[in-house]
Amino acid sequence: MTLSLKESMLFCVIFITSFLCLLVTPSIAELERLKHNGEADQPLNFLVIGDWGRKGTYNQSLVAKQMGILAEKQNIDFVINVGDNFYDDGLTGVDDPAFYESFVDIYTAPSLQKPWYSVLGNHDYRGDVEAQLSPILREKDSRWVCLRSFILNAGIVEFFFVDTTPFGDDYFNNPKDNTYDWSGVLPREHYLSNLLEDVESALAQSEATWKIVVGHHTIKTAGHHGNTVELEEQLLPILERNNVDAYINGHDHCLEHIVDLESGIHYLTSGGGSKAWRGDIKPWNPEELKLYYDGQGFMSVQITKNKADIVFYDVFGKVLHTSSIPKDLNPVA
C-alpha cells in the first residue's frame, strides 16, 4: 500500500508526538517492593529517627548513643529514617565525606547495623538526589536503603514510603536562595499524579494487618512548619479511604503524637535527630495532642498482631511518652 504525501506527513507527526510523550512523561509503574524477613510469631521492633545529619553536632551523637543502647535491648529489626539526612544541602555526590561524617561514623553501635529504610527530606533535595539513591552508597555501607517511594513488606505490617518533598509548592514557586535537584521529578504534575495513584492502589490491595505510611513532611502537627496543606489535600484523603493506622514523619524538629479523633489515624513525628527548636509550638486540641516535646530524641515501635506499642525517648534515653494502639482483628461490619 502506498501512502500519499499528506498521509505520510500525518503519520510522521503522530509518531514524533508519541515518541516525545514517552520521553517527557514518567511511566506509570508500581512502587518498588522490598521484603523484611523477620522471625515468625515474634514482635516487629524498629526505631524511627529523622532530621539528623549534622556530623554529630546538636546532640546527634548523643541521640545515636541512646539509639544503640535501646536497639540492643530490643534487638531491633531495622531503622526507619524519615529524611533530612544531610544538612544543610544534601550530598554533593557519592564521594561526599558527609556520608561518613554524618551517618557511618555516628551510628556505630553493633545493634544499629541493621537496614536503614530511608526517604528524602527537603534538605536532601538541595543536593545531588541521585547520590543518595545510588547503590554505590550501599556498597559503602550495606545498611543504607534509600528510594524515593517504595513499599516494605514486614509480614503483619506493610510500610508505604512516600516522597513528600515534590508536593511542596513553595519549593518550586518560592525557593529563595536554595537550589533544588528536580531531576526525576519533572514534569511535576505527572510525577505526583502517578505517585498518588500508585500509593492508593497499593494501599487498597494491601492485606496486611497494619498499614503505616512514612514520609518526611508533616500532615498534622502543632510544630514549627504547621500542617502541610498539599499533603492534607492530596495524600490524606487516600490514607483515610484505606484505613491507614499511622503516618510517621519528621520535618518538624520535635517529638510528637497526635491522634485524629475522626479518622483514628495516629500522626507520629520523630524529627529530633539533632537540632531542635525550643518553645516552637502552636495551639492544638489537647484531646488529640498526646505528646509534644521540643528537644532531641527518637521513637521506638513494637508491633504484634494485636497491638502496636510506641515509646518516645529523649537525648538521655529517658521515656517521654508511651502509647499502646490496639488492633481490632474482628471489626463490626
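In case you wondered, yes, glycine gets a Cβ from its N, Cα and C as well.
Unlike curated records, TrEMBL annotations are generated automatically.
Pulled from TrEMBL:
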type    : residues                      : note
BINDING : Asp51, Asp84, Tyr87, His253   : Fe cation 1 binding site
BINDING : Asp84, Asn122, His216, His251 : Fe cation 2 binding site
DOMAIN  : 45-254                        : domain 'Calcineurin-like phosphoesterase'
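For the recorded Fe cation 2 site, residues Asp84, Asn122, His216, His251 set the reference point as the centre of their Cβ atoms, and the other residues of that chain within 8 Å of it by Cβ are Gly50, Asp51, Val82, Gly83, Leu120, Gly121, His123, Asp124, Thr164, Thr165, His217, Gly250, Gly271. Within 8 A of the CB centroid of the Fe cation 1 site residues Asp51, Asp84, Tyr87, His253, the other residues of that chain are Gly50, Trp52, Gly53, Arg54, Gly121, His123, Gly250, His251, Gly271, Gly273, Ser274, Lys275. Per-residue pLDDT, averaged across the domain 'Calcineurin-like phosphoesterase' (45-254), gives 98. The 10 Å shell around the Cβ of Asp51 (Fe cation 1 binding site) contains 30 further Cβ atoms across the protein chains shown. Ranking the binding-site residues His216, His251, His253 by the number of CB atoms within 10 A of their own CB puts His216 at the top. Listed in sequence order, the binding-site residues from Asp51, Asp84, Tyr87 having a Cα within 10 Å of the Cα of His251 (Fe cation 2 binding site) are Asp51, Asp84. Geometry remark: His253 (Fe cation 1 binding site) versus His216 (Fe cation 2 binding site), CA distance 11 Å.
Between His216 (Fe cation 2 binding site) and Asp84 (Fe cation 1 binding site), the C-alpha separation comes to 8 Å. Taking the Cβ of Asn122 (Fe cation 2 binding site) as reference, residues of its chain lying under 8 Å away and at least six apart in sequence are, in sequence order, Gly83, Asp84, Thr165, Gly168, Tyr171, His216, His217, His251. Counting every protein chain shown, 23 other Cβ atoms lie within 10 Å of the Cβ of Tyr87 (Fe cation 1 binding site). Its own atom aside, the Cβ of Asp84 (Fe cation 1 binding site) has 29 Cβ atoms within 10 angstroms in the protein chains shown.
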